Amino acid sequence: MPPSAGLATESLPAATCPAKKDAYAAAASPESETKLAAGDERAPLVRTTRISTTTIKLYRLTIFVRIAIFVLFFKWRITYAARAISSTDAGGIGMSKAATFWTASIAGELWFAFMWVLDQLPKTMPVRRAVDVTALNDDTLLPAMDVFVTTADPDKEPPLATANTVLSILAAGYPAGKVTCYVSDDAGAEVTRGAVVEAARFAALWVPFCRKHGVEPRNPEAYFNGGEGGGGGGKARVVARGSYKGRAWPELVRDRRRVRREYEEMRLRIDALQAADARRRRCGAADDHAGVVQVLIDSAGSAPQLGVADGSKLIDLASVDVRLPALVYVCREKRRGRAHHRKAGAMNALLRASAVLSNAPFILNLDCDHYVNNSQALRAGICFMIERRGGGAEDAGDVAFVQFPQRFDGVDPGDRYANHNRVFFDCTELGLDGLQGPIYVGTGCLFRRVALYGVDPPRWRSPGGGVAADPAKFGESAPFLASVRAEQSHSRDDGDAIAEASALVSCAYEDGTAWGRDVGWVYGTVTEDVATGFCMHRRGWRSAYYAAAPDAFRGTAPINLADRLHQVLRWAAGSLEIFFSRNNALLAGGRRRLHPLQRAAYLNTTVYPFTSLFLMAYCLFPAIPLIAGGGGWNAAPTPTYVAFLAALMVTLAAVAVLETRWSGIALGEWWRNEQFWMVSATSAYLAAVAQVALKVATGKEISFKLTSKHLASSATPVAGKDRQYAELYAVRWTALMAPTAAALAVNVASMAAAGGGGRWWWWDAPSAAAAAAAALPVAFNVWVVVHLYPFALGLMGRRSKAVRPILFLFAVVAYLAVRFLCLLLQFHTA
């Protein structure tokens, strides 16, 4: 590939490196960005827009008020501990048991408060970014970019989805001569390689068609089959209305019909590859195969290459640039008995192979099911990496990566299991953008290559310092070491370069080096993304968050309850692995380079599964005495306790409302996130704690289940919602569901038992204290059941519409049964 317009990334002049090195690098403020562009005739590429100052001030005030209430509450709890224990003992529980119960409850409440503070404080300084991609219309200003696409199992990640992702990348609105797409096939599956080859052939027609008519999105599956209300989320809107850019409407209709016919034929060929060999004819096996590096499309030149006017290409391509970005298939070597480090190992292999083939200064990371939905997404990401100065471009310096939010097709309209996760992306990540930047979350992320090499940002380097290509750190490959020292991209697709790339993806290359520790993606955890981003922030790098409109990238998400819980289990286990590693946010270095609130955010990200231990106890233990008829809740709550409880609930609601106001998420999305948090905490988080405890005790590695991917548009709305969302209604029992099912059953039975024993009739209580003592336990049961309602829907499958009457009937039957047992006991004891 051609040089990146003189864009230097590995070393900067001493004048650009501030001398001050006594603090972390916080995100640029609106004022600083304005000063950054002073003297430039053009507007800055990135602007920071302020979120409503009044809303943010109220949000911060409410958070600190709630923290103050926490402090007063715990002071009161500890001061009056003896009185609480004595009161409980008077209700029928022994002194030692009461003390144990009180201590456990205080520990749980302290943990919940601590986690809430860790979650809220990093979100108190949110900023919102806007980019001006039109300022980069001059293609000579754009640097080269490598795009990494990873797939690991053709059974769970359809090769057709990988092919569509590749096609969307090749058709993106970025100079063809400056993009190289690398596809990592970690299973060595012949069907995956065949699908990528088919995509390379079809790209010769698809990419010029997209350029000619300016269609969006440039994923053919979503474009042709993702109509309004379909699995593609209505993203094929350009065909019917909107931003049509072609010469004439009839010409678009004719060309579209021809291109669609070719796409359907390609799709049939890929399906035939899968049907022809159910065992996925592989180059060996998934964990034992040779390395392969194959250039499928050579790098394009810098000069436009116009198509022909005749029908040899099915459509008229006169005056259309038909050049294609380079496409490389990579299958790293894997041997039994050697650690391959899952996705992190595959990404590091791509990082080395791409260095000797293209060496672009920037790298975009996409999962195989995440396609480019907005053709300007690549340019938008580059806006954060470079600055316009005069008539050229300079490196933006300390931005290590740009994280785009994950958006999904094919999710049920109600988003029962919070797949969109808007609270995390549009609230937490947006809030972190005002500190050192968002957390890296695995896909839809644009990296600076030099940051992946473990290099400090410019402000923390010595004047004139660059990258020290140490063989003990990077390995012994001379071409790769030369690429590390290089300041510009290059294009090498000759035999020697391919042979060198093949050697760089061998399983033995990393032996005795710093790969996976100080270089590249971090090993030792199944959530290598969080650990890798943390290492960059710890060195002083910043990151940026950008939510494009339309969405930059879109993917698929598991809408089946079992698949979703296994996905959450993998994330939770990976977070705990980071906590027990050298990358522990509490103990790791970088004190001056890492913002304290950024450290708090990473600590929250790695310890949240421990919440399950306390939450499960709260869901079960208070309800069991009610079922047994004991007096664990007989002690009447004091007015002070009720006042604290009311204050905490009111401030929690106020924080939620203000949070939705400044982040733009809906209250319904916030509530669904709360519900699924409860479901996850009583199931997947518990399993993650058990798995990691076993790993810490025995050293046994954690095995995880790869999340199944699917084409969102494979079931069209014509087939009806039952078929379109068939996975949502499929009931697949897994052991992860057992604790949550137990918590749900215990709390429903507790409600029935309380009613059967007459504890619901608080209006008949002799005093207000007695009424509160009767009402609070049942209110807590209702709180648990309401949070677990999506889980109950998942257990009902296609009968989920009847879950309300079924739960009601279950409660009535349980009430009558308990009431009957109470009468029998009274009769026999009379």
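Here the Cβ of each residue, glycine as well, is placed from N, Cα and C on the backbone.
Copied from Swiss-Prot, the annotated features are:
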TRANSMEM  61-81  transmembrane segment
TRANSMEM  98-118  transmembrane segment
ACT_SITE  ASP186  active site
COILED    251-279  coiled coil
BINDING   ASP367, ASP369  substrate binding site
ACT_SITE  ASP529  active site
TRANSMEM  613-633  transmembrane segment
TRANSMEM  638-658  transmembrane segment
TRANSMEM  676-696  transmembrane segment
TRANSMEM  735-755  transmembrane segment
TRANSMEM  776-796  transmembrane segment
TRANSMEM  805-825  transmembrane segment
Would you mind reading off the Cα separation of ASP529 (active site) from ASP369 (substrate binding site), to the nearest angstrom?
17
Do you know offhand how many angstrom separate ASP369 (substrate binding site) and ASP186 (active site) by C-alpha?
15
Cα-Cα, whole number of Å: ASP186 (active site) versus ASP367 (substrate binding site)?
12
What count of other C-beta atoms do you get within 10 angstroms of the C-beta of ASP529 (active site), across all chains shown?
24
Tell me, please, if the transmembrane segment (676-696) and the transmembrane segment (735-755) are in contact, taking contact as 3+ Cβ pairs under 8 Å between residues separated by 6 or more positions?
yes
For ASP367 (substrate binding site), name the DSSP secondary structure in the helix/strand/coil scheme.
strand
A correct count of other C-beta atoms within 10 Å of the C-beta of ASP369 (substrate binding site) gives 25
With H, G and I counted as helix, E and B as strand and the rest as coil, say where DSSP puts ASP529 (active site).
helix
Cβ neighbours within the same chain of ASP367 (substrate binding site) - under 8 Å, at least six residues apart:
VAL149, THR150, THR151, GLY442, THR443, GLY555
Neighbour count, 10 Å Cβ-Cβ cut-off, for ASP186 (active site): what number do you get?
24
Could you give the mean pLDDT over the coiled coil (251-279), rounded to a whole number?
87
